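*Asks:* The structure under discussion is supplied below as structure tokens; questions concerning it will follow.
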Amino acid sequence: MFQTLYSYFWWERLWLPANLTWADLEDRDGRVYAKASDLYITLPLAFLFLVVRHLFETYVATPLAGLLNVKEKVRLKATPNPVLEKFYAATTKHPKQADVEMLSKKSGCTVRQVERWFRRRRNQDRPSLLKKFREASWRFTFYLIAFIAGMAVIVDKPWFYDLREVWKGYPIQSMLPSQYWYYMIELSFYWSLLFSIASDVKRKVGALGGDWGTLGGDWGTLGGGHGGVSRGGWGAGFAPNGGGFPDRIMHCTVFYPLDLYPAFFGYYFFNFMMVVLQSLHIFWAYLIIRMAQKFITGKVVEDERSDREETDNSEEEEEAAKNGPLSNGHPVLNNNHRKTD
């Protein structure tokens, strides 16, 4: 059964243009081609990245946070309560009003105390400001180094200036050492993120791994996003740019291949992945523009990707907005009116 599924998955007509077989991509005459087995090295490299990340966050990011006055916010912890904890873990973190009233009876707490307990408990699960800073510092450092290194090794390549060179000889294109290490390091980095924050990198791991194991790797570097090093690497530096990506990269992957081969499954699959990537670019650009707009207009800037931290007096704030200031939970009457004769 497994062998049958394996054979169907690697069926040549899925991943290769017509009249080509996997035998055409075997190493010969000093030319080396990308192979799916190359991906095995990314797993130990991913664990190495986890070690390096820990050292970086401990000895670089944390002291840097201190210099920039990034401080931990003191959070009030929820009082241990087995009844509320069980509901929180097994049912929902955001109980409805009916659930709050039911939990109030079961736990012996007032409705207000139950609501306050859930707010504090949710805040406990939210990452601290220092943790966010350390993670952001690590990713920024990797992306910056990868982009600079990637651009440095492709500046002398013909496809840096002419994207049509990406498809010259495709898919029988030998692999450059710089191209190999670009893929292995990038994919290992995203595996390491998958091991620590799985929901953040599923798309990139799937796109990079699938491309390497099937189509040889050259056009996949177009979407790498941090500076490509092979054919198409010129475009990789523009991948985070919502305008340059569809204008240069997707035009190259959608139209140029059809000059060489009829469309096949691999062509549709990877162009679909490129569309998904562009959609994500648009989404993140929207969030960035919103944050920039708030900054320019003088409003408080918050991370649009994160949940807003709740405070114990959030309900009182809402009441104050509706009914004016509160005193001991009751509206304060305005007795400062002028007496009239």
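Note that Cβ sites are derived from N, Cα and C of the backbone, with glycine treated the same way.
Features from TrEMBL:
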| type | residues | note |
| --- | --- | --- |
| DNA_BIND | 69-129 | DNA-binding region |
| COMPBIAS | 309-319 | compositional bias 'Acidic residues' |
| DOMAIN | 67-128 | domain 'Homeobox' |
| REGION | 301-341 | region 'Disordered' |
| TRANSMEM | 38-56 | transmembrane segment |
| TRANSMEM | 140-160 | transmembrane segment |
| TRANSMEM | 265-289 | transmembrane segment |
*Asks:* Quick check on the domain 'Homeobox' (67-128): DSSP residue counts for helix, strand, coil, in that order please.
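*Replies:* Helix, strand and coil residues of the domain 'Homeobox' (67-128) number 36 helix, 0 strand, 26 coil.
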*Asks:* Excluding the flanking five residues on each side, which residues at least 6 beyond the ends of the transmembrane segment (38-56) place their CB within less than 8 Å of a CB in that stretch?
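*Replies:* Same-chain contacts beyond the ends: 137-138, 141, 180, 183-185, 187-189, 191-192, 194-196, 209, 212-213.
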